Amino acid sequence: MSTTRDSFQSRLGFILAAAGSAIGLGNIWGFPTQAANNGGGAFVFVYLIVTVLLALPALYAEMYIGNQAQKNPVGALQDACEDVSRNLGKYAGLFGLLGAILMLSFYTIVAGWMLAHALSPLMELIGFTDAAIWLGESSHARNLAFTPVFIILGALIINQGVSKGIERWSSRLMPILFVLLIGLIIYILQQPGANEGVAMYLQPDFSQLQDPMLIISAMGQAFFSLSIGVGGMMVYGSYMKKNANMGQLVISIGALDTLIAFLAGLLIIPTLFVAQHLGLEVFADGKLIGGPQLIFSILPTLFDSMGDIGVYVALVFFSLMSMAALTSTLSSTEVPVAYLVEDKSYSRSKATILVSLIVLTACMTIVYNFDSLFGLIITWVNTFQLPIMGLFYFIVVGWIWKRGNQLADQALLASKPSLKLWGNYLRYVCPILLSIVFISVIMAL
Ligand code: PHE
């Protein structure tokens, strides 16, 4: 195919799209609850260290490979592994692609719940109380309706392409998300009980630092939050002008992702204490309730008890969640779509339809086997898929890939000591650190 590849039109558009992929349920739901249950400020502190030392370098490696190759992840890894074995690159790329589908298979279900919860207050406002109740209660029928709705929303954007779809929608939704989040924080912090939550969130309990699981949880959270390991960031990197300054871009994306996670903590944890103030149960066994019960039971009950304004707060909160989830699914969907378009000569719309059907099938398989599959797939993606791929990216950038890799170009490295240091860091320190953490995870299972 000789047509030119679609691409991001501006650096800001690229940053917002990549931040859109990064900022998702992991930030607004995962990060606050992990922080609350792992020593508050101490978790935030460890999270920052792990992000800087390992997650941002992994994000750099992933985006850099894509940017140099200007191809979808399967093609990009094939090129990067050329000197050793193109097949190695191909299968690694396909493994990432499978990870993207698995990530979508559970994430889209949860995203559908968010969307249903966002529509529920709307229905209440226009007087459709029965519909509002149905939307707010988990049911098979709701999954069967809302998982496809969410897949279709993502597909409509992906089908419009990179600049007209992904970039345009991320540039619209991310600023709205930010404003809604700030608005909610301001409102919640004025409610009785909120201050206690702020104190719990920000006061570090450094005794928890001795727990090795803390580093493991922080790393898992950081990789998931930065969307590392399924090729989504690689394919976004490939849509950026070749040789763009990836270092700077990665820092901006990491800073935005971490900022939103931090702000989400400032929303969720005080909200829980406001709920407690109103008599709701928010602790179980001395830990804050963090799972689905937090989002889909405690929060809605809290919003209900807030009086007239509660319905608007619920609307804003779940719209925020839905937007965050939507922009996060775009990058994972783009991975198989770009592969089908570039390597299998599909038209973009055919590829989008096929990928949507595959994701729908995967989602429905989970919906019908929820108890056995849902948790299992989340664990697989978080514990294995993301770190293994992260490790592979380090090995590719540091060891396997020679031609066209500035970090392996001896002449360039000799003239730029900082580049050499960075190259050696990615080559030696990162894979060793990541392997240590990864082995600890396996041993802790
Ligand atoms: N980073 C997203 C979040 O925080 C999740 C995600 C993981 C998106 C992997 C794409 C790929 O919710």
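Backbone N, Cα and C define each Cβ position, glycine as well.
Note: TrEMBL annotation is automatic and uncurated.
What you see is a predicted model, and the numbers here were worked out from it, not measured in a lab.
Here's what TrEMBL has on this protein:
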type	residues	note
TRANSMEM	12-30	transmembrane segment
TRANSMEM	42-61	transmembrane segment
TRANSMEM	94-116	transmembrane segment
TRANSMEM	144-162	transmembrane segment
TRANSMEM	174-193	transmembrane segment
TRANSMEM	213-237	transmembrane segment
TRANSMEM	249-273	transmembrane segment
TRANSMEM	309-330	transmembrane segment
TRANSMEM	351-370	transmembrane segment
TRANSMEM	376-401	transmembrane segment
TRANSMEM	425-444	transmembrane segment
**Which of 12-30, 174-193, 249-273, 351-370 contacts the transmembrane segment (213-237) most, counting Cβ pairs under 8 Å** = 12-30
**Prompt:** Where, among 12-30, 94-116, 174-193, 351-370, 376-401, do we find the most CB pairs under 8 A to the transmembrane segment (249-273)?
**Reply:** 12-30
**Message:** Below 8 Å between Cβ atoms, which of the listed ranges 12-30, 94-116, 144-162, 309-330, 351-370 makes the most pairs with the transmembrane segment (174-193)?
**Reply:** 309-330
**Request:** Output the single range from 94-116, 144-162, 309-330, 351-370, 425-444 maximising the number of Cβ pairs under 8 Å to the transmembrane segment (376-401).
**Result:** 425-444
**Message:** With pairs fewer than 6 apart in sequence excluded, do the transmembrane segment (425-444) and the transmembrane segment (12-30) have three or more C-beta pairs that lie under 8 Å?
**Reply:** no
**Message:** Within this structure, do the transmembrane segment (425-444) and the transmembrane segment (42-61) have 3 or more Cβ pairs under 8 angstroms, counting pairs 6 or more apart in sequence?
**Reply:** yes
